[in-house]
Amino acid sequence: MSGHGAPEIDLTTLNPAETSQLKLAIVAASWHTQIMDGLLDGALRAAKDAGISEPTVLRVPGSFELPVAAARLAKHFDAVVALGVVIRGGTPHFEYVCEAATMGLTDVSVNTGVPVGFGVLTCDTEQQGLDRAGLPGSKEDKGHEAVTAALATAVTLKQYS
């Protein structure tokens, strides 16, 4: 599994007084409902673990729309998390959407200084998405990981603002 070697970021090691004060937005695509539901559940669980009881959640049609929504949200939030699923088909569309989402979200983060957690699954098969969605039987929980990374980065950056 590609998650081998990933850092272990434990939200409980962060100061709850810091994380609970952060304003968090989650923007989630709508394709591949079962996988997206798992990603969003994991993201909301991570927010709750960090003391953020009600993050703002915005739904968009697909992963291609994530960057523009994240850019708008970054104007009002301390951290943004983007969740989506792109599964390879028989055309180059997969590469175009994956690159646009990845580069767009990177641009949002770099240009605004707001951490954008990358929870976009780019999979060859639906099973790969299910394995990473945080569902019962999944090997990974990428929604939880994306929120954890965004909040840990936001706390770190606040030390230098």
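Positions of Cβ are set from backbone N, Cα and C atoms, glycine also.
Here Swiss-Prot flags His93 as active site, proton donor. The 5-amino-6-(D-ribitylamino)uracil binding site annotation in Swiss-Prot covers Trp31, Ser63, Phe64, Glu65, Val85, Val86, Ile87, Phe118 and is backed by sequence analysis. Per Swiss-Prot, the feature (2S)-2-hydroxy-3-oxobutyl phosphate binding site maps to Gly90, Thr91, Arg132.
Structure coloured by features recorded in Swiss-Prot.
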residue : record                                           : contacts (Cβ under 8 Å, 6+ apart)
Ser63   : 5-amino-6-(D-ribitylamino)uracil binding site    : Ala29, Trp31, Gly84, Val85, Val86, Val97, Cys98, Ala101, Val120
Phe64   : 5-amino-6-(D-ribitylamino)uracil binding site    : Val97, Ala100, Ala101
Glu65   : 5-amino-6-(D-ribitylamino)uracil binding site    : Ala29
Gly90   : (2S)-2-hydroxy-3-oxobutyl phosphate binding site : none
Thr91   : (2S)-2-hydroxy-3-oxobutyl phosphate binding site : none
His93   : active site, proton donor                        : none
Phe118  : 5-amino-6-(D-ribitylamino)uracil binding site    : Ala82, Thr102, Leu105, Ala146, Ala149
Max CA-CA distance, Å, over listed (2S)-2-hydroxy-3-oxobutyl phosphate-binding residues Gly90, Thr91, Arg132: 24
Rounded Cα separation (Å) that holds between Arg132 ((2S)-2-hydroxy-3-oxobutyl phosphate binding site) and Ile87 (5-amino-6-(D-ribitylamino)uracil binding site): 13
DSSP-derived structure type at Gly90 ((2S)-2-hydroxy-3-oxobutyl phosphate binding site), helix or strand or else coil: coil
Lowest local Cβ density (other Cβ within 10 Å) among binding-site residues: Val85, Val86, Ile87: Ile87
Site of maximum Cβ density within 10 Å, from binding-site residues Trp31, Arg132: Arg132
Among Trp31, Ser63, Phe64, Glu65, Val85, Val86, Ile87, Phe118, the record's 5-amino-6-(D-ribitylamino)uracil binders - longest CA distance, Å: 16
